[in-house]
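Q: Right, I'll just put the structure down here and ask away after.
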């Protein structure tokens, strides 16, 4: 029997024993038990109820396991039989241990020596304690007692199991030298017992502490001029080690200008040992090094940065001491000449330089009047245009001065050299001749060979190079007869004259200078050979010969003109002889109306129109250009005026008493001074007293005051002679510029009888009547709170209209603790304030500061103005987040559910939220989330997520400039690129795609889109028509623009014809006056109010004057300056015109019933569809002006007003071509039959002609399908096409609006066909996701109305409406997702519009379910049973377990490990691979996705441009997977591929290293290798084919017809050329590719479009018909050759065609003289007609004279003044299209009448200085007329009394 008894069992304890069994019964059964002898046990026998015996074991003495572990007893059972029998049993008592023995250490105390810095983990001592108990009671745990300090426990680790004490932390002798600890050994019994010992650890010192440096004080920054030996820093040194290890040495670098000096123990001073210079070294990094004396020695260093403050110790330095600046003469004023920049090495204000020109006077002109320098950057500008011939150089100094205190400066010498331009034409000084005249020389016909005929001498004012003159013959009648020395200009004979040589030779010599381009002058020398010295008539005239006058029709015209002139002269002489009889003198009548008596050659002073009298205005313009003063004074008691011109430099002086010939004037200027704002009626001065005038005669002498201002501020009291205020004077309004301190009002006082003029200057002095004010009432400033105190900020200054002391004087700032102001003064004395930050800001204390800035002027009383300054403090990250509490204590119950909220922490930060996200600033964020534990040492991990921002259209497109000025050269090619205006939008994708439009603006009925076109994608502006960009008025009329008809001989023919016509007219008038009878004068109807009768018909449009009639021009200028509209209309059945002015600002309104003062104008009211129209007339003059006014309307009428009254129609889009929109004839009330006759046309304001009018039916029909979405790209509710319907005869215009109604012709579509969403399977039901909405170009009900989603158990949609009514859908998750069941969901989203029939568009939604770790791994089986033989080899596979996880990614990666229930022995016996992963071997070569790559590259690529990315894939791992890319070298024409291309070895990006040219290199073929980094490395390669794509970068080159660069090709063709004849063939080549080099040809200019045709493909120019006599001899064709590129490039060639009668080359073909024009041109035709008319009139004149002389003349009384006659005081001569006479009226009348086809004659009055001027129609002679004023000239006996009895007749209306 086994018994386990604890040794702790107390004595007397009993234990039951198994009883013995005996089959016998009764007395033979068991009677007693016996126990073997034992000191600890005994038995006690017990009797049961049945008499059986059993024994209990009694413990009579306590057990001790440590003395005896097991007690062996023998129990004997004895029965009562005879003999007695017995049985035995062994009792084994095993003593169970109790914890009754405490552990004991080997020693009671331990002393251990340990060096400091012992490695962590090193063994200090291993303690050993023993326990006599067994089992857990003998297992010992070692621990520190409570008497062991916490520092000791932190420093040393105690192994609780084996008692090892190891180093846990670094041991530092300097911290603790002795560590005492008490170690307790405790057993693991139930009632544990313990023992203890004491351990003392003595630390041994080592040199393990570096010396330390401490900066006690440091002064930085310091001024660079700091004194030597100044202390800048104090440092202290220390070393924690002891002994020699703690002794230190200190030093700094020997090369620094500093020294260390010991001041006390371990304290040192850093001194300046040498002078410092900031410009050499702006700052010093001073490294102080300290070293101890240990072994090995340790050291430390500290670097301090000493910053030097700048001192103004350097003068500004120019890079050069002398500047020579060449300036080309004729420079533009304000042109930049050079930039003279000085350098000052100082800083800040000591560095800020100001540049000045040191004044130096040259001929009373200072340098500052010639040049200016930008004081900030030294840019030198010219203030005037220099002329090399006047000023060749300038020498002056420029000073650069810094802004330091005191300021330093230096100067530099500037030498301006004026470079010569060839801007002076050679001047021929010999042989001398009058301007434009011909030099005539006579030479004997017997002149020998080599005789000097003439010497041409020309001089040139340009420099030596440009003034070198060479001489050439421009025309030589006989090239074999004369020679010209090209250098000295001598003309000599080359041979003697023969009888065949003409008597008259003409030489044209050109003197050409050596400039570029060369300038020239010509002289014409007419040589006449004579036998004697007699001068012919030709020698005494100065008729200029431009070219060979003896040619064609001109010769006959000259002969005819000479004959007629001779006959006219004879007629005049005969008339004079017949009238040389004494006549009865008659009294002088008053001068004719419209006549002017001019006493001197006069002009006018001001370029402002004073009178509407044409002569007065023209005289005014002519004289003012000469700088003279012109005065016009009415003659007392008459209708005439005295006009006088006086040089401005002298005053008007009194001359004589004759009021008719002189003008009394005063030179002196009287000065007055008054303050502004004086009350009305205030007296300024007594002019009568001051000017010495008699007050009583002021009214009689008609005193008047002229104020030279736009208001009449003053007036004269004629009764008292006082000058008084008539209207308050505001100085600031009168003199708005503050550049001058004085303000004058100039007055003129004029008195008559005699005339005197007094000049008065009235100075207006300033009063303080204006408050200072700021340009902005609120000034907003953003200042960061980190801005240091002392920073300054500019604020806008106040302005004050007053001047001087009344302007702004100072500023005041409202009281505050952070800001102050500092007042600055500008150069002009203006005051402005800078805001100074005097105390640092704190946004958390105050986020906004509201300040009041007050500007105060210096006037009396003071006036002020204020502005609010709002300072917004910008946040700096200067506050750390803070938690609500420093520590939290939370009670948490065990077994709380995972995910339960423990606590919600809240930390706040006083800083503000950073600014919102902006994709344009940061497109994506890499957010790194770092987590760190609090262990020792702490461990951390991080995860980086990339947040990509999607673009929102939140940026408007921005142009780099707000205003573009684009110069365009005239005669530009149509379609030429003018400029590229590119805007920038930082948004992405569709938000970034810009479309460009021209905003329509109508100019003279021409919209901008008709003149220019803009590429909507890349903003290139081109001309859209064949015309040039600038349309002159001639482009908008039907007047052909020909060549200058007033050239060469025609000019002289016009002058001659005009002169003869004028003389003939005078003759006719004189004859009529002498012979006509008295007629009853007819009354002339009064002219219309605001109307003037004029002789020409003119049309005004867009403020452009067509007529040159001086009066009409002056009236036009005067009225248009007033903002009025001027209209001139011919009078029915008459040659006169009514000129009316109408205010532009208002419409034509009803005025009065007076037919004499109104003009009827048609006004068109709004006509709706289906209704007629009515006309409403407004009366302005009794002439029916009708719709003609619509053409002359001014474009000042706004577009809104123009379209206000418009026809409205509507039309659905996409109507078929030919569909009728409306019947315009019916709607507008027009007669269908007259539409074609009235040239009805339709103008549409779009780039396509969508509609047209059927002129036969009057129907408006569709010409081209209209797409509303294209027409009105913006989704506006309405879309209109605006058009104008124009009819002529009379002109009427109708404005029509066609509304385009939307139809459902566009299906909705999504921006992306596929919408991809990633949704985690843990997403809760009800979550919503935004989907991209669909778009529909249609509008209204045809736009998107709803969305539908394909059937799905997990998803649904919810439709939302935007503010603009747009619909969009949100995807709703209605049931949670399970990735393991379905990883992807494919849905169809359908957008449906509301049209009929409904249209729809779909997008595919692909929802990818993201995995969450919601599935546990599972083994194939729940349990495995494996049989394994013993002694199986180590490493043998026992079993391979396989567990699977339905999750994906890292969630499905499985790690295998033992559980806690697996015994340690089992784990030691078997190894478990946690990964079961195979190691990689480099057994896969890299693979490219393709074996051949074709990469197109556009030529002209940028070097370094990315061409493609060639990426290979290697399925191996780690270094076996890392690929490196190479270009396999291949040389092409000594050029390797690596010189042309480079590849990034890491990612395979292929780059171009140069710019490729398709015309040179078209393709490249090479190989790229990808090699991995395994061992051995594996590689593969791929073939790359680079194809260079062509760009249209070569302009077509015209090779035929060949011509020099920029020159003109001249061709001669027979005039008899047949139709279809090949004239020329233009051939152009283009180096670009086939597509871009396809050339087409077009006419850019064709003189006659009916004459020539051009084949657009082969360039052949052929005639379309034969030449007629009307065709010009010279035709100019400009052909443009245009390639097929985008944009297209072009080249032009100009071909001049000359038609010839024979093959003989004329002189014009052999010279460079420009070919003239056809003799059958307009002018020659008129010359022929004029010559015939004059001849006919001459014949009639002779016949009338003969008839009149055959009758007796009866004297007649004086007639009223003539209407169209003018008395002029000067005789005039016309030559070279320039009027020699200054009589402006004669010139204007001459031009006006001759343009009407009339003949103008001016005849001197005998014995007088005046002339009679008459105009006579050329087409008819002077005949007896009828009553029709429209067809004849009525000669009325309206006698105009002239001097000495002569009469003037005028044309009667």
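Cβ from N, Cα, C; glycine included.
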Q: Which is it, of 555-578, 579-602, 603-626, that TrEMBL names as transmembrane segment?
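A: It is 555-578 that TrEMBL describes as transmembrane segment.
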Q: Looking at the ranges 1701-1724, 1725-1748, 1749-1772, 1773-1796, which is given as transmembrane segment in TrEMBL?
A: 1725-1748
Q: Can you check which of 1051-1074, 1075-1098, 1099-1122 TrEMBL lists as transmembrane segment?
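A: So the range that TrEMBL calls transmembrane segment is 1051-1074.
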Q: Please identify the stretch among 443-546, 960-1024, 1420-1485, 1489-1598, 1613-1716 with the greatest number of Cβ pairs below 8 Å relative to the domain 'Cadherin' (1247-1310).
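A: Looking at each of 443-546, 960-1024, 1420-1485, 1489-1598, 1613-1716 in turn, the most contacts to the domain 'Cadherin' (1247-1310) are made by 960-1024.
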Q: Can you give the mean pLDDT for the domain 'Cadherin' (666-774), rounded to a whole number?
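A: A mean pLDDT of 85 is what the model gives the domain 'Cadherin' (666-774).
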Q: Examine the domain 'Cadherin' (1613-1716) against the domain 'Cadherin' (960-1024) and state whether at least 3 Cβ pairs sit under 8 A, considering only residue pairs 6 or more apart.
A: yes
Q: Could you break down the residues of the domain 'Cadherin' (214-318) into DSSP helix, strand and coil, giving a count for each?
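A: Grouping H, G, I as helix and E, B as strand yields 4 helix, 54 strand, 47 coil.
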Q: Which stretch, 5-105, 319-428, 666-774, 1489-1598, tops the Cβ pairs under 8 Å count with the domain 'Cadherin' (443-546)?
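A: Most contacts with the domain 'Cadherin' (443-546): 319-428.
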